[in-house]
Amino acid sequence: MIPLRRLPSLTKSVRLYMIFGIALACLAALASFGLLFLSGWLLAGAAVAGISGVAAQQAFNILLPATGVRFFAMLRILSRYGEKLITHDGALRVMGQLRSWCYHCLAPQAPAGLHNRRGGDLLSRFVTDTDLIGQHYTSTLLPYIRAVVCGSLFVLIMAIFSPQAALCLATGLLFSGLILPYITGLIADRLAVTLTTLHSQNRTDLADLIAATGEYLAPAATRHLHIQFTEKQLKLNRSHRLMAATESAARGLTTLCTTVTSLAVLLVATNSFHKNYLSLPEVPMLVLGCLTAFDIITPLPAARQLLSRTKLAAQRLYDACMTPPLVAAPIHPVHPDNADFLEISNLSFRYPGSEQWIFRHASLNIQKGERVALIGPSGTGKSSLIQILFRFYPFEAGSCHLGEHDICDMQSETLAEKISVAPQNFHLFNGTVRDNMLLASPQATEADIMQALQTAGLTDWLNNTPHGLETAVGNEGFQISGGQARRLCLAQILLRKTPWLILDEPTEGLDAETEKTVLTNLIQARPDMTLICITHRRSVLPFMTRAIQIRNGQFHPAEEI
Ligand SMILES: Nc1ncnc2c1ncn2[C@@H]1O[C@H](COP(=O)(O)OP(=O)(O)OP(=O)(O)O)[C@@H](O)[C@H]1O
């Protein structure tokens, strides 16, 4: 329950809005009650006057109650319209605020803190769970508050005419408004866990299945995943059916309770009429009022069911969002003007939860303008250095300075202004070449883009495509070749014009000639850059000023160059 209690503090700005929506919902319910209450009296009163002779007909004032009926009818329409408008808008605002809060909590965790979470699961929390919590006001709180406020008022109004009828109504409302939702809630609490877990699992599996289908999976493996997915879907359907059956049963029992209570009110009112405590038109008035009063109770079992799922959704969202980032942001961040050197001293690092040291008392100095190849067997920690430099993971000992300042005192945004990285596993968005370039540098001009693409050796290819910069690259660059995608990633970071570049296997997948062209272009276009090039390819080394090998967790000058 604790995470759901945080909701009001997260949605302060829409609180007044939601209170107004709830007030309108109460007003609509009261208008409905007033409409039927008065209509019952008016119809019965008119009928009695009609059969009681001319004098009674002339004495009967139809104008005032008819105006009242019209007033309540108009009020009901307007307040219902206002309620729907305000509460739905409010729910959307709550969802928006929640998603924005989620993003602000999750972003600092990326990428290291999110590695262990599957994409589909995160998406499920980010979309379905926030949707459910966003509906909390409209689908759970609103029906309950309306039931309490309007239910009490209905009973009080009834009590003015007949305390016994009010007692019948109060008993019926309490039974169907408290006991039935309580029972549905007990069942829903259990089913909600199964439903939410299965929903999330299915979404995650589906995301993985879609991402992995096609060229990666053998048909047999796809079939196996498909069978697993179908089985889980069937299980999910069973839980859904059970949930729907519980809600239908509760609705049916509410209707039964409405009928029984109305009959009881009819009996009590008739009895009061015989004893001259009530006039004849007041009998149908009370019965119709009783029938309308139950309108506010009917949504409660469903609201209680939803509450079970919302509580779980809030817990899941809270768990994902409140995980602290592996590296805390600096308290007093610095913004260095220069980044003339990189000084790594006595660095010791291992991944959280791992016993294996990636770096152990490692030291390295790189001066501005150098082009350094970082080499070493697979798994020695070359790519890990990027993770450390960008403060994705904390190191256990040593220091890392960029210019005069410790990188621990810099925000990742500041680091990104000085260093650009073309990672080994890069990402391209499903858009055009231009879209992807502009994502790297939104202010870039057409000339800048063309220059960066030319340096990356992509101009010939683009000139020969019918759409040039508007060529679609597909999801993850699926519609272009691996080498083109890698060079597009290189062009992206060239566009950012940072003084330091780190390229992780920049020429992987390129033929020897293209590799040479790209590296020559790069050095000509950016003679002043400081370059760290992680590579397994010897052909890259002649373009570097020195090579460093990572061995036994330390940096060693390499003889290869
Ligand atoms: N997120 C992680 N959590 C735990 N261990 C990791 C993580 N990432 C990498 N490792 C481990 O750290 C070691 C170094 O990995 P790294 O990717 O830095 O190697 P590399 O030298 O770049 O390899 P390659 O040349 O194959 O790209 C490997 O043993 C790897 O299993």
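Glycine is treated like the rest: Cβ placed from N, Cα and C.
The domain 'ABC transmembrane type-1' feature in TrEMBL is assigned to 19-309.
TrEMBL lists 342-561 with the feature domain 'ABC transporter'.
Annotation comment: TrEMBL describes 141-161 (among others) as transmembrane segment.
The transmembrane segment annotation in TrEMBL covers 173-193 (among others). Residues 147, 151, 154-155, 239, 242-243, 246-247, 250, 253-254, 257-258, 261, 293-294, 297, 300-301, 303-305, 307-309, 311-312 of the same chain lie 6+ residues outside the transmembrane segment (173-193) yet bring a C-beta within less than 8 angstroms of a C-beta in it.
Under 8 Å from some Cβ of the transmembrane segment (248-271) lie the Cβ atoms of residues 158, 162, 164-165, 168-169, 171-173, 175-176, 180-181, 183-184, 278, 282-283, 286-287, 290-291, 294, 297-298, 300-302, all in the same chain and six or more residues away from its ends. Residues or ranges marked as transmembrane segment by TrEMBL: 248-271 (among others).
According to TrEMBL, the transmembrane segment annotation covers 283-302 (among others).
Confidence over the domain 'ABC transporter' (342-561), given as mean pLDDT on the 0 to 100 scale, stands at 91.
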